[in-house]
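Here is what Swiss-Prot says about this protein:
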TRANSMEM  24-44  transmembrane segment
TRANSMEM  81-101  transmembrane segment
TRANSMEM  102-122  transmembrane segment
TRANSMEM  129-149  transmembrane segment
TRANSMEM  152-172  transmembrane segment
TRANSMEM  201-221  transmembrane segment
TRANSMEM  224-244  transmembrane segment
TRANSMEM  255-275  transmembrane segment
Amino acid sequence: MQLMRFDKPIGTLLLLHPTLWALFAAAGGIPSSSILIIFILGVIVMRAAGCVINDYADRHIDGKVKRTSQRPLATGRVTTVEAKVLFFVLLIIAFLLDLSLNQYAFLLSFVAVALAVIYPFMKRFTHLPQVVLGMAFGWAIPMAYGAVIEDLPLTCWLLFLANILWTVAYDTQYAMVDRDDDLRIGVKSTAILFAQYDNKIIALLQFLSLILFILFGWLSEYHIGYFIVLALTSTLFIYQCWLTKQRVREQCFKAFLNNNYFGFGIFIAILVGIYGF
């Protein structure tokens, strides 16, 4: 359970939010119950698989980082063989779920698997693993559009890009928690790359994501209520900037967790934009 992070649902929620945005936006309302269930289960399964492969990739370095030192693979409570078996079982479950989708979405699902597999290893080669994470967490967006309308319109890609910017911002907040440990062991991240400009760049990424959310709503011809809810939701970014101002580990992690509310706020904005209430 701990290996799959079922005890820490924040990652699942941050993956679920953009999935729901896309499903409801593509359907112009409530999507079919079958597609909704498949995608929700897919989020849970792929999030679990992502955690397993991430811990497998980091098994030799997690023990050197305060926050991750008690993870199952780092402590030896789970063997590498057990982790690999669990990962492939989860992939099989995800594959069976994908078989229930149309061919358009099914083919897109292979990209999702590729992103989930390569992401954990990116921190060894680039300071931008958060960008790959943004693509991985956002790939459910084109998959949702493909499953609902078998097309990938401009609004789909605006939502996808907005999600990448948002993800890089919040995962940089997350990486700020581990920055000292990462510098010591040689792991790369945007928190290290941005250095003393971290808070300013996070604010810029958040601002740019809001611009894309505005364009998305405008092209979707949403009710003005969408923009009102978006404006209210954006105040969470101001709160997060205040939290991370002093770069205190606990406050940076608190800012990261706060993004769950932002994701939910965007979902509410889309509902209001569609239904006009």
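We count from 1, first residue shown onward.
Just so you know, glycine gets a Cβ as well, placed from its N, Cα and C.
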*Stretch contact, the transmembrane segment (129-149) with the transmembrane segment (255-275), Cβ-Cβ under 8 Å, 3+ pairs*: no
_Quick check for me: are there 3+ Cβ pairs below 8 Å between the transmembrane segment (81-101) and the transmembrane segment (24-44), leaving out pairs under 6 residues apart?_
yes
*Which one, 152-172, 224-244, 255-275, has the most C-beta pairs under 8 Å toward the transmembrane segment (24-44)?*
255-275
*For the transmembrane segment (201-221), which recorded stretch in the set 102-122, 152-172, 255-275 gives the largest number of Cβ pairs separated by under 8 Å?*
152-172
*Range from 102-122, 152-172, 224-244 with most C-beta pairs under 8 A to the transmembrane segment (255-275)*: 224-244
*asked:* Under 8 Å between C-beta atoms and at least six residues away from its ends: which parts of the chain pack against the transmembrane segment (224-244)?
replied: 173, 176, 198-199, 202-203, 206-207, 210, 213-214, 217, 251-252, 254-255, 258-259, 261-262, 265-266, 268-270, 272-273, 276-277
_Do any residues, 6 or more residues outside the transmembrane segment (102-122), come within under 8 Å Cβ-to-Cβ of it, and if so which ones?_
46, 49-50, 53-54, 56-58, 91, 94, 128-129, 132-133, 135-136, 139-140, 142-144, 146-147, 150
